[in-house]
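Q: The structure follows.
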Amino acid sequence: MNNSADITVLGAGSYGTALAISLASNGHKTLLWGHDPAHMQTLAEDKCNQAFLPGIAFPECLHIEADLAKALAASNNVLVVVPSHVFGTVLAQAKPLLRQDARIVWATKGLEPETGRLLQDVARDVLGEQYPLAVLSGPTFAKELAMGLPTAISVAGTCPQFTAELVELLHSPKRLRVYANDDFIGLQLGGAVKNVIAIGAGMSDGIGFGANARTALITRGLVELTRLGEALGASTATFMGMAGLGDLVLTCTDNQSRNRRFGLALGKGCDVDTAQVEIGQVVEGYRNTKEVFTLAKRLGVEMPITEQIYQVLYQGKSPVDAAKELLGREKKSETPTQ
């Protein structure tokens, strides 16, 4: 079956729109679908996503498609960019409409709610073994990507040919550098754990602890990510790359991050509900914290920062008390062999 579009993007929030803009700016015919018909009509009329990326015009190659069946029939390349808690639902909705030659890639960052499973497991449960899978991950703020500011990400998948073709589709010498990676698990995990640590970094700054504390938290957060990755069979080298250290530093240090701003509000005394309302968009790290905590407990992986953030978000502990507990932990060597 021939493609009438080079790629279809499912998810018309800020990040899905930004990726669609980037792809279309490369000259690729890109279809953008979202779940809200009224929102899609507005996008088609305005030729921009005023709600999430105001003032950034759509390239000529970007087309709005409100009909999911038509969007999925147009291309065998499907990029899913929806919140992690609806990832499985969207795949289930798409399944009967997918082409036989479809290939699925996602930029969703997170794990399955309640179970803490990787999204690859969710995708296989919903779709079976038929379709090649891939994931995009790395330090990307949607606004900067949509504006064409220099950005770098990584891509990994189950099919080397699909991964290579995604690199070609996404890569742009002027705006986006794309690195191929063979660690499918590591790329998925990095995108979830960094959201949790970013909340902690925000809480630390909201309390007023300063740059020293924030840097220590980022560094030890990377240790927690690496421990969890090793337990799942990921490569430790991945966590020194775009999807690990890169995404962690970006999300923990810049207020474009909703997770960081959420943590800032908590550190300044807001309760969880008020902080979420203050952000005004989905705070992926809120759910990710429970998911990562659940996964770590199941695997027996020690993640003290994640545990304290979980207690703040779900058990009512104050950020100050969480910080005190972390600082008061038993002394130990930084070198894992000792």
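The first residue you see is number 1, and the count goes up from there.
Yeah, the Cβs are placed from backbone N, Cα and C, and that goes for glycine too.
Keep in mind that this is a model prediction, so the values were computed, not measured.
OK, Swiss-Prot features for this one:
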ACT_SITE  LYS194  active site, proton acceptor
BINDING   SER14, TYR15, HIS35, LYS109, ALA142, ARG258, VAL282, GLU284  NADPH binding site
BINDING   LYS109, GLY138, THR140, LYS194, ASP247, SER257, ARG258, ASN259  sn-glycerol 3-phosphate binding site
Q: Could you measure between SER257 (sn-glycerol 3-phosphate binding site) and the residue listed as 'active site, proton acceptor' for me? Cα positions, answer in whole angstrom.
A: 11
Q: Mind giving me a neighbour count for VAL282 (NADPH binding site)? Other Cβ atoms within 10 Å of its Cβ, every protein chain shown.
A: 17
Q: In Å, how large is the greatest distance between any two Cα atoms among LYS109, GLY138, THR140, LYS194, ASP247, SER257, ARG258, ASN259, the listed binders of sn-glycerol 3-phosphate?
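A: 16 Å is the greatest Cα spacing among the residues binding sn-glycerol 3-phosphate.
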Q: For LYS109 (NADPH binding site) and the residue listed as 'active site, proton acceptor', what Cα-Cα distance in Å is obtained after rounding to a whole number?
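A: Roughly 9 Å, rounded to the nearest whole number.
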Q: In the structure shown, which of the binding-site residues SER14, THR140, SER257, ASN259 has the fewest Cβ neighbours within 10 Å?
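A: Each of the binding-site residues SER14, THR140, SER257, ASN259 was scored by Cβ atoms within 10 Å; lowest is SER14.
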Q: Sorry to bug you, but what's the C-alpha spacing from SER14 (NADPH binding site) to ASN259 (sn-glycerol 3-phosphate binding site), rounded to the closest Å?
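A: A Cα-Cα distance of 15 Å.
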Q: Hey, does DSSP put VAL282 (NADPH binding site) in a helix, a strand, or just coil?
A: coil
Q: Between the two most separated Cα atoms in SER14, TYR15, HIS35, LYS109, ALA142, ARG258, VAL282, GLU284, the residues recorded as binding NADPH, what distance in Å do you get?
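A: Binding-site diameter by Cα atoms for NADPH: 22 Å.
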Q: Which one of these recorded positions, HIS35, LYS194, has the sparsest Cβ neighbourhood, judged by other Cβ atoms within 10 angstroms?
A: HIS35
Q: With DSSP assignments reduced to helix, strand and coil, which class does GLY138 (sn-glycerol 3-phosphate binding site) get?
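A: SS state of GLY138 (sn-glycerol 3-phosphate binding site) = coil.
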Q: If you run the three-state DSSP split on LYS109 (NADPH binding site), which class comes out?
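A: Assignment for LYS109 (NADPH binding site) reads coil.
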Q: For GLY138 (sn-glycerol 3-phosphate binding site) and SER14 (NADPH binding site), what Cα-Cα distance in Å is obtained after rounding to a whole number?
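A: On Cα coordinates alone, these residues lie 16 Å apart.
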Q: So which recorded positions are near TYR15 (NADPH binding site), with CA atoms within 10 Å, out of THR140, LYS194, ASP247?
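A: Qualifying among THR140, LYS194, ASP247: THR140.
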Q: Give me the Cα-Cα distance between GLU284 (NADPH binding site) and THR140 (sn-glycerol 3-phosphate binding site), rounded to a whole Å.
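A: Per the Cα atoms, GLU284 (NADPH binding site) and THR140 (sn-glycerol 3-phosphate binding site) stand 15 Å apart.
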